[in-house]
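Peer 1: Structure below; questions to follow.
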């Protein structure tokens, strides 16, 4: 039987590891423990990095142009006009990549060279981490990092326990406990471990941090292995002198490295549009080249043939068609500057600057947690100005995730005061527990003295209520000194409940694997812990079975009322009815509720159930299902004790932030795992839901048919139809406009599963998007991501997901923009995010200030960039008709090289980094300023064509005005001015001046950098031009600089300056006239806000919001099994922070009810809808 079972497991699992047998394990070629996160080494850096960079289409395109320029028959420009900017771009990127990789190498070397003690041939030897192999036995000492994924074999702690910190894995600083298999827990001596030859058969490497399945075979017996027996790489051993572990996975196979995969690369809508426009421009470039090539063929055939006798074609040209072919490629080279390579470098520099502005923003710095906002990516800044949908988690994101015991119901009697009622709190003094209980937590707050009196008089139900709270949990306790208790709970709910029991006289003191010690009303009591029936998301409850000192066995259970009340004994009907009413009242106050119950077990009942539980626990297949069935069997016919109510307060500024974002036409959806009623109540608290809404629709069907029927109910039909037709979703129609913002939708997780099916998703989207607010309850992490993907697909809108926990990671990665809150649930969400900060209220500044500015700056930058390059390049096109289509350039090659990297690069960078239309506080006061980004008004295909039309118009003026003037102009001595070099200098000077004046007009916010860059770039043009035409350079490079003194002689002529002034006026005056007319006849909101800075601010009296009933339960699975298998838990304290008082929200009500806010300015006929 043992052999057949072993054979089956060899088929099911693919990993076999034998302890202390390197020769056996090396046959499977397992990965070494050396990690390599770097991409390059000294030899591979140059070829690999260049290969990666030339994966970019733009870089390949410019390399292709460079190759063309090396062919003398087609190149009118020197090769350095392309290679200089290309080399600059490649070098900057290479230096950045090399720097990043250097730090990765440094980190890898530091980790790989850490020392560990490895058991080799019976003795412990120091080995570098990189030399550790699968199957080795390692000794870990306190505060050491775990070198690989280990199977815990033994420990210096009792029962084979050890304590670890997993902050590097999941961001949680709570210490966790692990336990070895009982059969190996006594192998603490190296001599015993040296003879250990057990073999582990387990699952292959994967990235699931909370799951491990395997079997240990030793001495012809098998032992099940779970995640509670594993120490994962990246953990730190704490509060444990030493332990030994068997290496199961090493290096890249460890779960830490399996989770270090790259996040999906995100691109902005402007990136995608820019790629499309670049392809269009390239097509335009080809068309221009073909037109000029046809012109060359005609000219060579009709005119050029007349000069063949003394001006023959260059070799190998022998006919006009081949000449036209070469001319086409020549013009492709000359006209390539319509898409300069500096565009991509400039975009990255601007984005980097915007990211630093976010990081440096002191108004997004949280002094409480000493945490600044962080832009973890530089590629999405402008997308922050285009967000239409925000998907938010609730607990820890909208709320603080710091729980306080607020109210309770015991045997039908309700206790507790409303802490939000300041008058009541002033009348009812906070209870002082220090005289009654020296072990009380001084930070605990409670205001109802009736409950304390009930405890003092010895009410049996009250005592049993708090006894349950002191026993039914997985909290870990440490007593640093006499009476100084510190609790560490895996969830804030548990910490609050155990602390409440502590203050009311039932103090949890310590635990061992088989006992729980409490102090009950000053008397120390030790209970035998017989079993823990662990919590999970399906059960929604947890239980403990204990034996008191008198020998009575009792099961204590706490959980969500929906699952616990249906498991009560029929005799509980009366108290259940009263308690249900209390639960509804508590949830209506926004409190998280739990029901409490117990059951007495006879010795026979316990023995019978214990046997079935032991069988289920030892099962190697379907273990979780078997355990669930065993738990279900005993958790029946319980007696109801009462209910608890815990408050999770809203974060500071959440209602205000939601109100402002709603006014910016941003739709906010809450996706939470909490109960429907609790989530709805939070919706009212944060003003997502308001009393003036026509109706809040609840979708709670359990079947496809019922969900479809609820979506098509009569109440929804009238306002949903404009957004949805019989064939599916109508793109481009917003249901919110039809609904007038008067409806809200609440949908449960089981209903959402049906709504997300292919045949219903269009109907669900049309209904949900017609609502002002949407709340999805009891949703899984996968469903969160599915909802985000659905809106991305159906609405084609920019989405943002914000959360603070590991269950939000899939949602954060799915959205266009992911924001992580660094809160109580670790930093996993932060590590997966694009942006992070510590408070939800910072979101409005991130979007309405930084996002809007980034979008505005990037759009202005792109419009100007395309304009100036078309103005610069198209002059060559017009010149082609006057030079016999010979591919002669208007400007000299040095001007062509320097135009985009010296003369015009810095001013547009300054505008792209520093520009703003209105100050930051005005952006927050006028949320409607955000809408142009959502509608993509500032840079789209229409704006692009306007920019290139202006650029083409400018090029026409810059070519034909100097051509017309200079063709008949003469110097003062009568010498004609109509020479090539004079024309080139005049046109180039006019171009630089015109584009400089244009950026002066485009810049809305002037800084020192703007002034220095604009006027400095203009000055540098004249300095460089005079230097290039100087005698000095001619003497040094006589073959390169032929036109000595031509710049000086040209710019000394008054007619040249008059020509430049005339061209500038013709280019700029129409632009000025158009802008003045637009400002006067059709001003934008930003124009009006900038002109009129005085705004109306009104604050009305406080107004209460509606409440709905709610139930909640927050916990995690896994701790119960650890305790019963032997957890002597000693951890640091759980700090309970004080709460800020609830903010007045009257002005938010006003903002929501005011659908149109009209700003009228005295003395003006301006009326702007905001």
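Cβ atoms are placed via backbone N, Cα and C, with glycine included.
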Peer 1: Of the ranges 815-836, 837-858, 1013-1034, which one does TrEMBL list as transmembrane segment?
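Peer 2: The range carrying the transmembrane segment annotation in TrEMBL is 1013-1034.
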Peer 1: Check each of the ranges 790-813, 1054-1077, 1078-1101 against TrEMBL and return the one annotated as transmembrane segment.
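Peer 2: That would be 1054-1077, the stretch labelled transmembrane segment in TrEMBL.
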Peer 1: Ranges 751-772, 861-882, 1103-1124, 1125-1146: which does TrEMBL label transmembrane segment?
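Peer 2: Transmembrane segment, as annotated by TrEMBL, spans 861-882.
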Peer 1: Which one of these stretches, 277-299, 369-391, 415-437, shows up in TrEMBL as transmembrane segment?
Peer 2: 277-299
Peer 1: Which one of 1-30, 31-60, 61-90 shows up in TrEMBL as transmembrane segment?
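Peer 2: Among 1-30, 31-60, 61-90, the range TrEMBL annotates as transmembrane segment is 61-90.
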Peer 1: Any idea which of 726-746, 894-914 is down as transmembrane segment in TrEMBL?
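Peer 2: Transmembrane segment, as annotated by TrEMBL, spans 894-914.
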Peer 1: Tally Cβ pairs under 8 Å between the transmembrane segment (861-882) and each listed stretch (319-345, 980-1001, 1054-1077), then give the stretch with the top tally.
Peer 2: 319-345
Peer 1: For a three-state summary based on DSSP, what are the helix, strand and coil counts in the domain 'P-type ATPase N-terminal' (17-83)?
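Peer 2: Final tally across the stretch: 31 helix, 2 strand, 34 coil.
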Peer 1: For the transmembrane segment (980-1001), give me same-chain residues lying six or more residues beyond its boundaries with a C-beta closer than 8 angstroms to one of its C-beta atoms, as numbers and ranges.
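Peer 2: Apart from its flanks, the transmembrane segment (980-1001) reaches 864, 867-868, 871-872, 875, 890-892, 895, 899, 903-904, 907-908, 911, 954, 958-959, 961-963, 966, 1014, 1017-1018, 1021, 1025, 1043, 1046-1047, 1049-1051, 1056, 1059-1060, 1063-1064, 1067-1068, 1071-1072, 1075.
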Peer 1: Can you tell me how far the Cα of residue 535 (ATP binding site) sits from the Cα of residue 393 (Mg(2+) binding site), in Å?
Peer 2: 22
Peer 1: Do any residues at least six apart in sequence from residue 807 (ATP binding site), in the same chain, have a Cβ closer than 8 Å to its Cβ, and if so which, in order?
Peer 2: 393, 673, 780, 781, 784
Peer 1: Based on the record's binding annotation for ATP (393, 394, 395, 494, 535, 558, 592, 672, 673, 674, 778, 784, 807, 808), what whole-number value in Å is the widest Cα to Cα distance?
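Peer 2: Result: 28 Å between the two most distant Cα atoms.
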Peer 1: Look at the binding-site residues 592, 778 and tell me which residue has the greatest number of other C-beta atoms within 10 angstroms of its C-beta.
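Peer 2: It comes out as 592.
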Peer 1: How big is the Cα-to-Cα gap, in Å, between residue 395 (Mg(2+) binding site) and residue 778 (ATP binding site)?
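Peer 2: Per the Cα atoms, residue 395 (Mg(2+) binding site) and residue 778 (ATP binding site) stand 12 Å apart.
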Peer 1: Summarise the model's confidence over the domain 'P-type ATPase N-terminal' (17-83) as a mean pLDDT value.
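Peer 2: Per the prediction, mean pLDDT sits at 82 for the domain 'P-type ATPase N-terminal' (17-83).
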Peer 1: How about long-range neighbours of the transmembrane segment (1013-1034): same chain, 6 or more residues beyond its ends, C-beta under 8 Å?
Peer 2: 892, 894-895, 898, 902-907, 909-910, 985, 988-989, 992-993, 996, 999-1000, 1003, 1040-1048
